[in-house]
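Since the structure comes first, as structure tokens, the remarks are kept for the end.
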Amino acid sequence: MNKIRKFFRGSGRVLAFIFAASVIWLLFDMAALRLSFSEINAGLLKEDIIRREHTGFRVEPDQVKVLYTSIRGMGLPRNGAWGKENFRKAENHELKVEENMDQVQRKGKMQNLLGRRKAVPLWHLAHLQTLPVTIPMQKTQGRDSKPEVSSQYMMSKWMTVLESEKTPFTASRGVPLTKIAGRTETFDKKQEAPQNYNVSSDTSKQASERTLNMTISVKTDRSKQKSQTVTKLRMHFASPPILKSEEVTVIKKAEAQSKDLKHEALKALPLLKFIADMGHLKNQSTNETQLGRLPEDDAAKVAPGKKLNFSESHVVIITKEEELKTDTKEVPNSKTQTVFPKLLGGSPHKQIPRNQSKTSSSPPALKKAVSQSKPTISGGLHTARSNLTAKAPTVGYQQSHANIPENPGMHHVFRIDVTLSPRDLNAPGQFGRPVVVPPEKKKEAEQRWKEGNFNVYLSDLIPVDRAIEDTRPAGCAEQLVHNDLPTTSIIMCFVDEVWSALLRSVHSVLNRSPPHLIKEILLVDDFSTKEYLKADLDKYMSQFPKVRILRLKERHGLIRARLAGAQNATGDVLTFLDSHVECNVGWLEPLLERVYLNRKKVACPVIEVINDKDMSYMTVDNFQRGVFTWPMNFGWKTIPPDVVAKNGIKETDIIRCPVMAGGLFSIDKSYFYELGTYDPGLDVWGGENMELSFKVWMCGGEIEIIPCSRVGHIFRNDNPYSFPKDRMKTVERNLVRVAEVWLDDYRELFYGHGDHLIDQGLDVGNLTQQRELRKKLKCKSFKWYLDNVFPDLKAPVVRASGVLINMALGKCVSIENITVTLEDCDGSSQLQQFNYTWVRLIKHGEWCVAPIPEKGSLTLYHCDNRNNRLKWLHKSASAFHPELVDHIVFENYQQLLCMEGNFSQKTLKLAACNPMELQQKWKFEKYYEV
């Protein structure tokens, strides 16, 4: 003790204090250095994530594009990411991140499914048929067949290309970009091989719809009674997540731990290729799984014989007493700032504020990238891991959207084609190829034609989720859309639709649409009589939580069925589709983008052709727009090549459309109700596209065709649907109703091309409400529509005008009191000005030239379009009496009578028509053509 004390005497005491102080200083310095490194790492993490946001989370060229997959046949669907059962399973797998990582380290079986492996080279869907991939043929399933879920189903739900910020690489047709050789892995008997994969998705209302969740369960030998979870992936569609400090630490730690175990874990997985666009992972990989089937005990869990409990929200019965309301007060007006792009294809790069419910979007700038919050168990973004030996539920991170910036950011249109199981590359009609009916089946095909007025036999042979070629113009994939696009309700109305055609329509929407944008799919059954569209359809669609069926208790027709769907829709945008369509890749976002930029825009896809005879998918010519000819017959008209060249119009440019086809379009729900929806006085079908088109354009809206949105449609020469009344009379009645409300003075032009419409005296119902609605909306005139929207439509108000000259005498018809006389021609005299109208009246103001057949003379009478005693044939008589083309003929008498001039007496009279009599030939000063 004395020896120690001497060190603290005198100078030794000073040295001791200096030593102690040095040690303490060193400790503080090391602590400060550690804190500094932590701050630097956090800063680098923030910069890296912000940089990725600015660069759009681009997929590098060496990263993967994937093989599309699908089911074949029409059996009950597998319980995929859209399935109800798997939607619920995510809630049962909750465990903290630390526990998950400890199990990874303990078992030594961890693998980063999206880790750093060599990527498969890019390839294109159009070249699938050239790839040497062997997939076992599947037996065509009927509506009541037992579904067989293959083992590869677990991953194939997400074998899709999510090109959020990467231009798709496309080679010339027929030239594959790469060869993908299929192989089958075999498991070691000592190794625990995965037997079953079940895909499930989180349906929590708080979960972000901007992302996609996939939970993969690996079930081992039943004797061991172990359920193992491989991974849970969160595919990001837009902005990066907010990573918390503890989460970042655990992720990086797990990556390091799994790096050495990757090779061993890979042996347990057979062949399968997929990709996910992970914002915080720099590399992507392929995972491999074996093609096979579920064991019988697992397959039985999804057998169609299982009793299904249909919720009240799945099937809604609408009775006759439930009146279809169209009160605009039901949907509040959207108080938003409307911006009209200056150019037709205006740049969508500006942020347009929108006061409506939006899909959640991750903020691009991370103000709290390193937070102290603990990780939570919810559908979030994390690295994909696999634990093949222990029951380890997946984990994620709850994103906070409290501080969403004003500019939500943009991304490239997603190229999504999600399917439930691998596609049979050799299936009939795959990739939109034509199919030929075998000779021995031609009679059966002919007999079934009447079921849908197209080749129903071939439709049933073709997979309900077949692949079709991406027919979008080059450059569409490079276009940007906003991250916070509005949600949409898909409304499909049908009556006695062909089973396979209806299923193919629904599958194409589910497979090729970003799920976070689909609020629901409403199938409105307009009182179908087919048995398979009742319980069988309910059973099939119950597999998809977002599909609801509305059943009308009596036949209402397409128009009122759509109104029923609109009333039950909850999405921000209504997207109407026919029930025999196939949506192509990238079809939805371009439509919603236009509505997002301007809520008064009605966006229509390019409607391509599904051949009714061989079911082939065919593209159409570019630069087409919807138009009409008199009397309001819809048709397609191509923009002339010289106009395209002169104005430098590109294939991707948006086209203003005077009239939409009416079957396929997206419209803001609140705006739809502001316009008064469809005219509820229209019956069944026909004319509704004209009515809504005129209403949109004349009341402040716009209709556009979006070339980057493509939807195939089965065009039929006739439809098989029954009408409560005569079909033609129903359509004509609707058109007359539209003309009386919207055409103003031009309705005579409409009647002139269908003069029988006046003669029939159709009861169009009460028009007061529709006319008052037009005044309330302060809609423009039809002349404005012709001048500004459809200027190339020839629409003269009258057929001929000016002075009426007798070709033999050179004298003109004139008015004197209430009589008609012949005078010297004076073009400046108002008494000699006449109009020959489209309803064949010779008008002078409110007076019309009227014959008195019994006396053989003429007089003036108040004009009445319905009075056949005032109608004359001129020029148009050439169809029946070509020799009387220059005569003015009165045909509503026992014999043909013609107007004849007598200059000596300055009178006009009626005489029997004589083609050789020059005094019976007349001409107006000016004629108009259409």
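Just so you know, glycine gets a Cβ as well, placed from its N, Cα and C.
It should be emphasised that the depicted structure is a prediction, and the values quoted were computed from it without experimental measurement.
As annotated by Swiss-Prot, topological domain 'Cytoplasmic' applies to 1-12.
Per Swiss-Prot, the feature N-linked glycosylation site maps to Asn198 (among others).
Annotation comment: Swiss-Prot describes Asn213 (among others) as N-linked glycosylation site, evidence class sequence analysis.
Here Swiss-Prot flags Asn283 (among others) as N-linked glycosylation site, drawing on sequence analysis.
Per Swiss-Prot, the feature N-linked glycosylation site maps to Asn287 (among others).
Sequence annotations record features per position, and here Swiss-Prot assigns N-linked glycosylation site to Asn309 (among others) based on sequence analysis.
Look at Swiss-Prot and you will find Asn355 (among others) tagged as N-linked glycosylation site.
According to Swiss-Prot, the N-linked glycosylation site annotation covers Asn387 (among others), on the basis of sequence analysis.
Its Cβ placed at the centre, Cys476 (disulfide bond) has 24 other Cβ atoms within 10 Å. Annotation source Swiss-Prot lists disulfide bond at Cys476-Cys708 (among others).
According to Swiss-Prot, the feature substrate binding site maps to Asp526, Arg555, Ser579, Trp685, Arg716, Tyr721, an assignment based on similarity to another entry. According to its DSSP assignment, Asp526 (substrate binding site) is coil. Using a 10 Å radius centred on the Cβ of Asp526 (substrate binding site) and all shown protein chains, the other Cβ atoms total 23.
The 10 Å shell around the Cβ of Asn568 (N-linked glycosylation site) contains 16 further Cβ atoms across the protein chains shown. Per Swiss-Prot, N-linked glycosylation site is recorded for Asn568 (among others).
Taken from Swiss-Prot, the feature region 'Catalytic subdomain B' covers 654-716.
DSSP assigns Cys779 (disulfide bond) to coil in the three-state reduction, outside any helix or strand. Annotation comment: Swiss-Prot describes Cys699-Cys779 (among others) as disulfide bond.
Taken from Swiss-Prot, the feature N-linked glycosylation site covers Asn766 (among others), and the record attributes it to sequence analysis. Look at Asn766 (N-linked glycosylation site): DSSP puts it in coil. Around the Cβ of Asn766 (N-linked glycosylation site), a 10 Å sphere holds 8 further Cβ atoms from the protein chains shown.
Annotation comment: Swiss-Prot describes 794-925 as domain 'Ricin B-type lectin', evidence class sequence analysis. Residues belonging to the domain 'Ricin B-type lectin' (794-925) score a mean pLDDT of 87 in the model.
Residues or ranges marked as disulfide bond by Swiss-Prot on the basis of sequence analysis: Cys812-Cys825 (among others). Cβ neighbours of Cys812 (disulfide bond) (same chain, under 8 Å, six or more residues apart in sequence): Val803, Leu804, Ile805, Asn806, Leu822, Glu823, Asp824, Cys825, Asp826, Gln832.
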Least surrounded among the recorded positions, given as Ser579, Asn817, Asn835, Asn902, when other CB atoms within 10 Å are counted: Asn817
Summary of DSSP states over the region 'Catalytic subdomain B' (654-716), given as helix, strand and coil counts: 17 helix, 19 strand, 27 coil
Asp526 (substrate binding site) and Cys779 (disulfide bond), Cα-Cα, nearest whole angstrom: 33
Coarse DSSP state, helix versus strand versus coil, of Cys825 (disulfide bond): coil
Disulfide-bonded residues listed as Cys779, Cys825, Cys848, Cys898, Cys913, least Cβ neighbours within 10 Å: Cys825
Inter-residue Cα distance where the pair is Ser579 (substrate binding site) and Asn766 (N-linked glycosylation site), in Å: 32
Surrounding CB atoms that lie within 10 Å of the CB of Arg716 (substrate binding site), all protein chains: 12
For Cys708 (disulfide bond), the one of Asp526, Arg555, Ser579, Trp685, Arg716 that lies nearest, given that the binding-site residues are compared by Cα: Ser579
Position of peak Cβ density within 10 Å, selected from the disulfide-bonded residues Cys699, Cys708, Cys863: Cys708
For Trp685 (substrate binding site), the number of other Cβ atoms found within 10 Å of its own Cβ: 19
C-beta crowding around Arg555 (substrate binding site), within 10 angstroms: 17
